[in-house]
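Below: the structure, in structure tokens.
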Amino acid sequence: MDEHGVQTPQVTSLIVVAGLSGAGKSTALKSLEDIGYLWIDNPPLLALPGLMRELSESTEDSHVAVGLHMREHGRDPDAWQRLQPILQEMTARLELLYLEADSDILVKRFRETRRRHPLAGRNMAGGGGEALRTVKEAVEEERLRMQPVRAQANLVIDTTYLRPQMLQERVADLFRMDAHNTQGITLFVRSLGFKYGSNTDADMVLDARFLQNPYYDLALRELTGMDAPVRAFLDRDGEAEQFLTHLQGLFGYLIPRYIKERKCYFTVDIGCTGGQHRSVYLVDRLGEMLGQMGYRVVVRHRDMHRKSAK
């Protein structure tokens, strides 16, 4: 609203995608384009308010995704901090998504694609003509420079273990325009195998390895927690059902309080050894329960189709 009390036109939603070079920003932006967002990659930051004003006046329902890259941010490291409150007034929904990955993985990606890191090969601060950055040094320098932006992010995704398709699905799940999500929060419920490592972006991690393991029943070994014989096996002693009853009470208590704190996303991972039987069963059941409670739920099984493992 301006000084005369006139409502300022607003863009429906603005998703700013920032993060480390090689972490998947282009993949994330393409995913947003696929679900209906107007994709603007690396515009001059200072031009964003004017651009948002034009878009808000030209259409009633404007969903915009903007890529923020090191090249643009490096010219004025404090620009985003100054612009964020201005853009907040101009958009009904402003989200800053930050993508990162382990340094060794980023170096590997640059080597495989033969792309040049925006900071590689340049003189290091205080160095002479010989003090040129390696790719690894460039990655670490960028991580340091982008830290103020990361600190302001609504959501951080670590793409170390994410294939491009997995990242596309994750972004689409997060920002898909869903008119039926009246609760204001999206719940991600994911199964995984601890032997393959944990996700770094989970809000809560639960361990299902206390349940009897269907792996040791040869008739069930090649099946998954989505198959009826495995579900019957896990239902047999009542432990899984009792655990789910406790989870229903826990989330019935927690989620309304997270909504009150304006938390838009909550991710819970449930793991077992291989991510094939117990965690898959529990995640499917928990997803059903949370959906029946009126929440938007996204279920993902990270390791279900890996080779059978204990």
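In case you wondered, yes, glycine gets a Cβ from its N, Cα and C as well.
Database features, via Swiss-Prot:
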type    : residues                                               : note
BINDING : GLY19, LEU20, SER21, GLY22, ALA23, GLY24, LYS25, SER26 : ATP binding site
Fewest-neighbour residue among binding-site residues, criterion Cβ within 10 Å, set LEU20, ALA23: LEU20
Cβ neighbour count within 10 Å of LYS25 (ATP binding site): 24
Cβ-based neighbourhood (8 Å from the centroid) of the ATP site, residues GLY19, LEU20, SER21, GLY22, ALA23, GLY24, LYS25, SER26 excluded: LEU99, GLU100, ALA101, LEU106, THR159
All-chain count of other Cβ atoms within 10 Å of GLY19 (ATP binding site): 29
For the binding-site residues SER21, SER26, the one whose C-beta sees the most other C-beta atoms within 10 angstroms: SER21
Number of Cβ atoms other than its own within 10 Å, given for GLY22 (ATP binding site): 25
